[in-house]
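Enquirer: Got a structure for you, questions after.
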Amino acid sequence: MAQAWAFLLPVLVLGSYVTSLFFPSYISNPLCGGDGGRSLFLCAQAPKDQDPSPAVSTMYKTAFHFQPAKNWMNDPSGPMYFNGIYHEFYQYNLNGPIFGDIVWGHSVSTDLVNWIGLEPALVRDTPSDIDGCWTGSVTILPGGKPIIIYTGGDIDQHQAQNIAFPKNRSDPYLREWIKAPNNPVLRPDGPGMNSIEFRDPTTGWIGPDGLWRMAVGGELNGYSAALLYKSEDFLNWTKVDHPLYSHNGSNMWECPDFFAVLPGNNAGLDLSAAIPQGAKHALKMSVDSVDKYMIGVYDLQRDAFVPDNVVDDRRLWLRIDYGTFYASKSFFDSNKNRRIIWGWSRETDSPSDDLEKGWAGLHTIPRTIWLAGDGKQLLQWPVEEIESLRTNEISHQGIELNKGDLFEIKEVDAFQADVEIVFELASIDDADSFDPSWLLDPEKHCGEAGASVPGGIGPFGLVILASDNMDEHTEVYFRVYKSQEKYMVLMCSDLRRSSLRPDLEKPAYGGFFEFDLEKERKISLRTLIDRSAVESFGGGGRVCITSRVYPAVLADVGRAHIYAFNNGSATVRVPQLSAWTMRKAQVNVEKGWSAI
């Protein structure tokens, strides 16, 4: 069926007629829901894959995302703000673009946008970390003393926690770190512990008894757990007889994160400071290749996290990001009184592509993260500093999108862009019915009800990184459903036609969020496009999706298109659309550049 319609693609030279809001002519296509073929560009299957050109090795490197100049990177580790400088530590392979030989890379910044790359902060040079300096955290002790606690692996791959201090705290960059002579300071001792599943310590916090607390990801008697430890001095740790929280229906929890949040207040909270009345806590874990979380309270009497809602089926747990995003780490930014979170976005091309490129992995744009006013979910938004890269703004108002309409967003660099668009629903009467079972696998639903399948309200959204003839394009869009007395919005990022290149992962990512359409008819979408990295924020940050895309058009042609579209029965208005070309940031460039 896919190839049966591929022959139609050559006639769709969109540049010849997509110069206004509407298509002047159509080609009938029953696969497009009988709409006269207006949405053919969304439903026609791409022709056979083609091999990448030699330019692939350079064209997919991002312009304003955090990544080292070369080689492999993965988890963010120990981000902090200290003495006027932001520090980003990260898992790094000095020797190549594949996983292995992991050390702690280290970069510094004054604005979270431009970064200076330094020598690694931690390398594998002691018996307790010879297998790798794995993920960890930074805690700033009283008196302004930062301390790293990280997981090390020994020659037998047993895991334990280690400590390191800055050699010279007067150095603004904190270039050199000294490991504690008594490392490791914490081993997986005790009944029911698994010595090869004991890693990724959190930032520490002080409890009501004045003792430090810390959680470590692990397994306890076969349960996944955020194991809880106490210390008077941050050097000598004692295991608490119960975990901070555990669950018997999931895999081992990596990279746990624990922090306080105030409903409806985007100000950050320092977990070691006095927590105000009404605050909630978030417990995040990396599991099943994604980052999930729970909202609840930290019961000081029990010294335990208590979720507001206990959900046994982990497929229903909330997600930080519904795309290629893992091993996130947050920190309290005392500079601007906010909590910031980073995540690792892996490559989804082939290992041979990574070897050709000479690099693999990046970190998402730093995001402010806070709790929604109803206390049910976390919201995220790119830090305001990233807007300093905006240039060449274009703006449109009062656009009306009927079924099958495209509107081209011109005069911005389609490979490096920031697009903010607001969709206003003329009516909500046409919303299709919601099936609660879709919550178990929103990605599957995005794949089945793609942008080519018309609905009552939606799909509507953006088509990005589109080639001239639309044989390559990525769709980021919404669908609206009615669920009893509320409305559910599905946000999708569909990569299935994103590239003609072979050996790529091209899924359809997706997530649902509740939205009170009786009160507010406007749904916002912000998409940041940075060559092979796309980050989208729907409904004011209710759903976030990070995607990795590798269109051949980027390497072969050097131009692409961005469109707003609607393929639903209900008319959608666009009261405001703004887009900017994004300038290149200075990220871990060659020595000699300095912004400090």
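Every residue, even glycine, has its Cβ placed from backbone N, Cα and C.
As annotated in Swiss-Prot:
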type	residues	note
SIGNAL	1-20	signal peptide
ACT_SITE	D75	active site
CARBOHYD	N168	N-linked glycosylation site
CARBOHYD	N236	N-linked glycosylation site
CARBOHYD	N248	N-linked glycosylation site
DISULFID	C446-C492	disulfide bond
CARBOHYD	N567	N-linked glycosylation site
Enquirer: Determine the Cβ neighbour count for N567 (N-linked glycosylation site): the number of other Cβ atoms within 10 Å of its Cβ.
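Expert: For N567 (N-linked glycosylation site), the 10 Å Cβ neighbour count is 31.
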Enquirer: Could you check what DSSP calls N236 (N-linked glycosylation site) once collapsed to helix, strand or coil?
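Expert: Going by the DSSP assignment, N236 (N-linked glycosylation site) belongs to neither helix nor strand, so it counts as coil.
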Enquirer: Using C-alpha positions only, work out which of the recorded positions C446, C492, N567 is nearest to N236 (N-linked glycosylation site).
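Expert: Closest by Cα distance to N236 (N-linked glycosylation site) among the recorded positions C446, C492, N567: C492.
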Enquirer: Could you state the CA-to-CA distance between C492 (disulfide bond) and N567 (N-linked glycosylation site) to the nearest Å?
Expert: 14
Enquirer: For C446 (disulfide bond), write down the residues of its own chain that are at least 6 apart in sequence and whose Cβ falls under 8 Å from its Cβ; none is a fine answer.
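Expert: The answer is L490, C492, S493, D494, A508, Y509, G510.
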Enquirer: Can you tell me which of the recorded positions D75, N168, N248 is spatially closest to N567 (N-linked glycosylation site)? Compare CA atoms only.
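Expert: Sorting the recorded positions by distance from N567 (N-linked glycosylation site), the top entry is D75.
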Enquirer: Hey, what's the Cβ neighbour count for C492 (disulfide bond) at 10 Å?
Expert: 30
Enquirer: List the Cα distance (Å, whole number) between N168 (N-linked glycosylation site) and D75 (active site).
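Expert: Rounded to the nearest whole number, the Cα-Cα distance is 26 Å.
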Enquirer: What does the structure give for the C-alpha distance between D75 (active site) and N248 (N-linked glycosylation site)? Integer Å is fine.
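Expert: Cα to Cα, D75 (active site) and N248 (N-linked glycosylation site) are separated by 25 Å.
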Enquirer: If you draw a 10 Å sphere around the Cβ of N248 (N-linked glycosylation site), how many other Cβ atoms fall inside it, taking every protein chain shown into account?
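Expert: Its Cβ shell of radius 10 Å holds 10 other Cβ atoms.
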